[in-house]
Amino acid sequence: MGFDSVKVMENWQSKTSNENEKKKKKRRRKKNNNVRNSEHYEEEANGCWVKFRYIVCCASSTSDVETSLTLSTSTVGSQSAIVQSNDQPVGPVSSTTTTSNAESSLSTPIISEELNIYSHLKKFSFIDLKLATRNFRPESLLGEGGFGCVFKGWVEENGTAPVKPGTGLTVAVKTLNPDGLQGHKEWLAEINYLGNLLHPNLVKLVGYCIEDDQRLLVYEFMPRGSLENHLFRRSLPLPWSIRMKIALGAAKGLSFLHEEALKPVIYRDFKTSNILLDGEYNAKLSDFGLAKDAPDEGKTHVSTRVMGTYGYAAPEYVMTGHLTSKSDVYSFGVVLLEMLTGRRSMDKNRPNGEHNLVEWARPHLLDKRRFYRLLDPRLEGHFSVKGAQKVTQLAAQCLSRDSKIRPKMSEVVEVLKPLPHLKDMASASYYFQTMQAERLKAGSGSGSGRGFGSRNGQPVFRTLSSPHGQAGSSPYRHQIPSPKPKGATT
C-alpha cells in the first residue's frame, strides 16, 4: 500500500471515528432530554395536583362566589353604573371591570416588606394543612368564596402539626384560588388586619401559610356557619331573640373597628355572608380583604375605587368613591333590614317594585301603622312589638340618604342592647290579630301578598336564588338546624 493510500485510509478512519463520536453525543443528548422531559412532566403533574383540586372544588366559583369587583371612578355619576343583582359585585357597565386579583398581580410583591408578622400567628406548612384537611378532600369542603375554597381541618392546639379528625383544634382553612377573583393583596390585608385586631366579635385568625405560590389562611372554626345560611337557607327561621343577639354582636364588631381600634378601620364589605356564628350564635365579622384604614385626623373621607357588594354599598360611596365609616353604617342598616324581613337585599325573583329591599322598605320604615308589613312572616308573631318598632326606626336612620344623619355604631349598640331580652311577643296580643288581618287584606288586594303566601293556612317563605340559580355563596354551608321559635313544634 502506497503512502497516498495509507493517508486516505487514515483520513477515512478519522472521519468514521468523528461520525461515531457525534452519534454517541447525539444519543447522550437525547437521553438527557428524555430525563429532563420526564422530570418536567413529574413537576407538571405535581403542580397540577393543586390545580385539579381547584377544578374539583371550585369549578363553580366563577358563577357563585361572593367577592368584590372594582368600579372605575371614571364612571361615577352615571345612573347606569350598577346593574348587578344580589350578592354580585359593584361594577360598571360601560367601562372595563377588573378584579382585585388583577391589581394584585401587576407586580411581584415583596413579602418581607408587605407582610406584618404577629407573634400570636402560627406559620403553617402546606403539607401540614394538606394533612389537616385530609388532602383537601370534598368531604372537608365548607364552601367557596372570592378568595377560594374553605376546608375544615384539625391541628394541634399549641402547634401546627395535623391531628386526627375530632381532636385538637378545629380550624377553617381558606385556600387562595389562583384563578379566583381575589388575590395576594386581599390575602395580605386579611393577615395585616386580623393579625392585629383582636375582639370577641371579629373572627380569630389562627395562622397562615405562604410557600411558593401557595397562599392559605387558618381561622377558628365557626360551627354555625354564616348568618346568610340561617336567614335564607334553613327550613326553620331564626327566633327573634337570636336575630337581635346577632345584630348586637355584629354592631359591636363594627363599633370596635370604627371607634375603639388603635388605628380605626372601615370594613367595606359588611353583609350577611361575612357574619359568622359560633356555637352560641355570637356574631363575628370575617373576610377583611377589602378593609381600609379610616381617614387620618382632619380628613373627612378616603378616596378609593368603589368595591363592595351591590345592594349593601352606600349610595354616596358608589357615586363618588368617598369612603367613610358611615358607609359601613349604611351596610349595617341593609343587613338589619334583611334580618327584620327575611328578604335578601336584592332579589329579582320578587314582584316588580320589590327587587331592591331598601327601596321597597323605605315607605314602611317610619310609618307606625305599616311597619309590620316588613316583618318576616315566618316568625308567625314570635317577635317583640317594641323591639320590632325600635329596629325599624334604627334601620331607617342607618339607611338615611344623608350620611351625616346616620348614627355612629356605638349609638347603634346602645339601641340594640335591650332588644334581645324584650318579652312582649306580638302573638300574645290583640295587636298581632289586627296585624294579621291587615296583612291578609293587603295580600289579597295586591295579588302578590307582599312577597309571601300561604300553604295549608301557614305562611310560606319564598325560596330565593341568585342570577346563577343558586342562593348565593357563603364560606360555610353546614347542615345544622336553626333553633326553633319559642312554642314552635316540628
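If you go along the chain as it appears here, the first residue is 1 and each next one adds 1.
Cβ coordinates come from backbone N, Cα and C, glycine included.
Straight from Swiss-Prot, the features:
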REGION    1-39  region 'Disordered'
COMPBIAS  23-33  compositional bias 'Basic residues'
REGION    80-103  region 'Disordered'
DOMAIN    136-422  domain 'Protein kinase'
BINDING   L142, G143, E144, G145, G146, F147, G148, C149, V150, K174  ATP binding site
MOD_RES   Y219  phosphotyrosine
ACT_SITE  D269  active site, proton acceptor
MOD_RES   S273  phosphoserine
MOD_RES   S303  phosphoserine
MOD_RES   T304  phosphothreonine
MOD_RES   T309  phosphothreonine
MOD_RES   Y317  phosphotyrosine
REGION    442-490  region 'Disordered'
COMPBIAS  463-473  compositional bias 'Polar residues'
Mapped onto three states, the DSSP assignment of Y317 (phosphotyrosine) reads helix
Students should find that the Cα atoms of D269 (active site, proton acceptor) and T309 (phosphothreonine) sit apart, in Å rounded to an integer, by 7
Cα nearest Y317 (phosphotyrosine) among recorded positions (L142, V150, S273, T304, T309) -> T304
Looking only at the domain 'Protein kinase' (136-422), mean pLDDT returns 92
Spacing of the two Cα atoms, V150 (ATP binding site) and Y219 (phosphotyrosine), in whole angstrom, works out to 10
S303 (phosphoserine) sits from L142 (ATP binding site) (Cα to Cα, rounded, in Å) at a distance of 35
If you count the other CB atoms within 10 A of the CB of L142 (ATP binding site), including all protein chains displayed, you should get 22
If you measure between the CA atoms of Y219 (phosphotyrosine) and G148 (ATP binding site) and round to the nearest Å, you get 14
In three-state DSSP terms, D269 (active site, proton acceptor) is classed as coil
Students should find that the Cβ of Y317 (phosphotyrosine) has, within 10 Å, a number of other Cβ atoms equal to 28
